[in-house]
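Peer 1: TrEMBL lists these features:
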BINDING   A:T164, A:K190, A:T201, A:E288, A:N411, A:S416  substrate binding site
ACT_SITE  A:T201  active site, nucleophile
There are 2 protein chains.
Amino acid sequence: MASTSSGAPPVSPLARPLPALSAVRGVRLGAVAAGIRYRGRPDLMLAVFAPGTTAAGVYTKNRCPGAPVVWCRMAQASSPTARALLVNSGNANVFTGRKGEETVRRSAGAVASMLDCAPENVFLSSTGVIGEVLPVQPILDALPAAHQALSEDGWAQAARAIMTTDTFPKAARRETRIGNTPVVLQGIAKGSGMVAPDMATMLAYIVTDARLPQPVLQTLLDEGVQTSFNAITVDSDTSTSDTVLLFATGRADNPPVSSAADPLLNDFRTALDSLMEELALLVVRDGEGATKLIEVCVEGAESDHSARQVARAIANSPLVKTAVAGEDANWGRIVMAVGKSGEPADRDRLSVAINGIWVARHGTVVEGYDAAQVDASMKQPEIRLTVDLGLGQGKARVWTCDLTHGYIDINGSYRS
Amino acid sequence: MASTSSGAPPVSPLARPLPALSAVRGVRLGAVAAGIRYRGRPDLMLAVFAPGTTAAGVYTKNRCPGAPVVWCRMAQASSPTARALLVNSGNANVFTGRKGEETVRRSAGAVASMLDCAPENVFLSSTGVIGEVLPVQPILDALPAAHQALSEDGWAQAARAIMTTDTFPKAARRETRIGNTPVVLQGIAKGSGMVAPDMATMLAYIVTDARLPQPVLQTLLDEGVQTSFNAITVDSDTSTSDTVLLFATGRADNPPVSSAADPLLNDFRTALDSLMEELALLVVRDGEGATKLIEVCVEGAESDHSARQVARAIANSPLVKTAVAGEDANWGRIVMAVGKSGEPADRDRLSVAINGIWVARHGTVVEGYDAAQVDASMKQPEIRLTVDLGLGQGKARVWTCDLTHGYIDINGSYRS
């Protein structure tokens, strides 16, 4: 089995065990130790898809993306299908200039030769140190072994191979239907903080055996990330490599679907959204130094967009996050964060609840609220902060974790 | 002399001693212990201005401002002049609904009666706990003593009376000229983090004996805050009470000035800007848990505005701030922060310098840069991070401090 390096931090107290995973028809995965940075653990993952697999992706909005993100955008633009995905950990291949682009091109070329496909059918991700050149040779050397290792049961190993400072591997699975046809969705993710110490990147890869045209797949992904991966924040920092890819191998013989709005997709969409939410929350649960998972619910906003901005301002506030770490039901800081979001808000309509108990209503403290009960509830590992702006119907949910000494330890220690 | 409470945190390692202060003609200050929250230290400061003193203010952009900020805006809109300023520490009078408004109205009314002026000529600030009702009676009871204590030499006491979690009092002084007339500028400030633990607010009050019309004063203040108080950030959180007020008593017999663009004001403007920068940096130096002062310089941006956004993204990045705390010359995180700002940036034109040494040029690491020298420079208490976007002429400077265990200690501890 894979293990993280000897000096690995303790597993997050919010960790979840890897669920039971099984095959998804049309994809095989192999993971090997290429020795890119880590020793004695897999750091290179190859997934090979059945011909005709459609692929959809969403990528970081960071204006300085890594070379693999630039490559994926190009690959996606040039073809609706994918034959392979190659991911390495230990080096993010970000801010590496022409050498970085060459590593990407040669890696994709080598996989393409092996599979007899176009390089544009190979998707790539890298995660790890920023600014160091990612040498291509270890990858080229390890590729045959990765190819050899390909197996329908390679999921758990793949989940481990993409870890950097993650303290536990992350995966989720759903079984659903399109029409009467059973289909499977399975995904893995990595991320520990939006950016771990020099270890950039939140990555997630989801595969289904459903048969879906690329535009449908892309729409489902675009919509689903809004309430999952785009609704989490650990430290407000945006990685240069964030990537979520969704592959549909088409091995399930489901009825044809031509639009994401087709009611045939209702169950599938629900399953996909719920799987993405589960993966996203696993990333927050592994947030650097996290001891509490925080759900921020904003309602009564002028619009959903406005609600999301307010929720993010709360979730990104260092003062709110340290208060939760200190088990302090500090609603004054929540009010401050609402105000700083710049979104429409009226102090005299604003209400705040902590773990379901309203502590402030219409701009002033609720006289005689049960402070002892609120304080006691702050000791739970999962905290819910609710704000009702009292203005309209807009609402949003965002998840984050608390800000602790652990975060400072992990990020303030000198690079080794 | 004033002293902070017995459990006071140690003075910031970046602290500066209070400079020599002297009188500014046309203003007298008195500070007393009203017992609002603290015991055995002054917590109420009254300043009384000569008739005809003009007043300019800039206030928090937080959408949930405290009652005193709402009052000051009204006061400023209703008259170009001010007769008094009353500031209490210990309670911010924020999110206190109608009771908070009543406290403000009655406080201003009491001062106005004492001075025989309109309540709208009394400016108010409160700083301290959010969400607790600020009782008016202790203020009314203490006002006569504050009035009694008024003195041209009350500046140092006033600087101490407005402290909350500040670890040192903050003041600055400049002597300059308008035409051939010598004029004085003197100011005090408080702030320790944008928001100290439940102790909201960055406040600054500056007085000059110059004779200047209110619109001129307002323009000078609006422009000056851009490169001083609006260019600092401790934790990206925006207080509900931030206030900077500039008063001109008119006691200096300087030549008349009718426009802020008048060349007669060149020296005065320089002195004011430099005084505001000094006060703003004192606030950063007292940032919660700060061990290093960080200057972020962005150049080569498409515009000054764009440069400022990029500089703020860097200064607000928890990953950059923890890296500096760890004395880690982690330029990869600076690149990440540039990218997440969303401003125009081209990875292949981007250059980064740490303490004056270029570590990355045009999108890739500088081969053979003196890493040992850069690492050694990170041990200094003042750190300069420079980014050249290579796109245009826009530039900006922003100051912040590092993010340390001290910040978590201060903000993550349970309210006492």
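Cβ atoms are placed via backbone N, Cα and C, with glycine included.
Not measured: the values here are computed from a predicted model.
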Peer 1: Which one, from the binding-site residues A:T164, A:K190, A:E288, A:N411, has the smallest tally of other C-beta atoms lying within 10 Å of its C-beta?
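Peer 2: Lowest Cβ count within 10 Å among the binding-site residues (A:T164, A:K190, A:E288, A:N411) is A:T164.
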Peer 1: Which ones, out of the binding-site residues A:K190, A:E288, A:N411, lie near enough to chain B that their C-beta is under 8 angstroms from one of its C-beta atoms?
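Peer 2: Going by the Cβ criterion (under 8 Å to chain B), the qualifying binding-site residues are A:N411.
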Peer 1: Tell me whether A:K190 (substrate binding site) sits in a helix, a strand or coil according to DSSP.
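Peer 2: For A:K190 (substrate binding site) - judged by DSSP and reduced to three states - the answer is strand.
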Peer 1: Please report the DSSP secondary structure of A:T164 (substrate binding site), reduced to three states.
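Peer 2: The residue in question, A:T164 (substrate binding site), is coil (DSSP, three-state).
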Peer 1: Could you check what DSSP calls A:N411 (substrate binding site) once collapsed to helix, strand or coil?
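Peer 2: DSSP assigns A:N411 (substrate binding site) to helix.
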Peer 1: Return one of helix, strand or coil for A:E288 (substrate binding site), based on DSSP.
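Peer 2: For A:E288 (substrate binding site) - judged by DSSP and reduced to three states - the answer is coil.
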